Amino acid sequence: MECEACIGMGKDCNSWMKTCAAHEDTCVTFQTEVIAAPVSLTVIFKACGVSDTCHLDYMETTLHDKVKVRIKRSCCTGEDCPLPPFPGLGFQVNRPNRLHCPACIGLFSKECTEHLVSCRASENQCLTVTGKEFGLFFRALSYKGCATESLCALLKKRFWDGLEDIEVDFKCTPALPPPSLASDV
């Protein structure tokens, strides 16, 4: 099976046809939006994938009250479908859901200084990611924040195993309830 493969800024990228590994049975397009209010950046990623993750089509993670990442995926399974449809992230209002997680990012470090962040919409997991190797981008990476169960499920499938030079560990735990107010009684 062959799929379109590329990564680029915006809603399209200069692709080539890639022969998929034996266990890969679907073509996948990821549209990722990184929002650091008031700015947003869209990245498109096309690759081979596995069809048992296609139901995980929408994911979110929040790093800060004004910084979040939204991911929408589309799959196309079968020999006659090398070009999956564009996922199309729509506008969405994501209100806080009263859950919290520790959050931080370290772009060149396996450690970072945590702060508490409010989870939004369907984010009910606390995500911790540690990258020991991250391709051409980073030699170390740490990330903590709120996440959707779908993002945790996709990470559990280790979808990046086919990518070279990426070594990432992650952990998801249930998000924390609102901090209780201490009383002076």
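Residue positions begin at 1 at the first shown residue.
The backbone N, Cα and C atoms fix where each Cβ goes, and this holds for glycine too.
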>> Of the cysteines CYS104, CYS112, CYS126, CYS146, which is paired with CYS119 in the disulfide recorded by Swiss-Prot?
In response: CYS146
> Among CYS48, CYS54, CYS75, CYS76, which cysteine is annotated in Swiss-Prot as forming a disulphide with CYS20?
Replying inline: CYS48
>> For CYS152 (disulfide bond), which of the three DSSP-derived states applies: helix, strand, or coil?
In response: helix
>> Using a 10 Å cut-off between Cα atoms, which of these disulfide-bonded residues sit near CYS3 (disulfide bond): CYS13, CYS20, CYS48, CYS75, CYS126?
In response: CYS20, CYS48
> Could you tell me the C-alpha distance between CYS6 (disulfide bond) and CYS48 (disulfide bond) in angstrom, no decimals?
Replying inline: 10
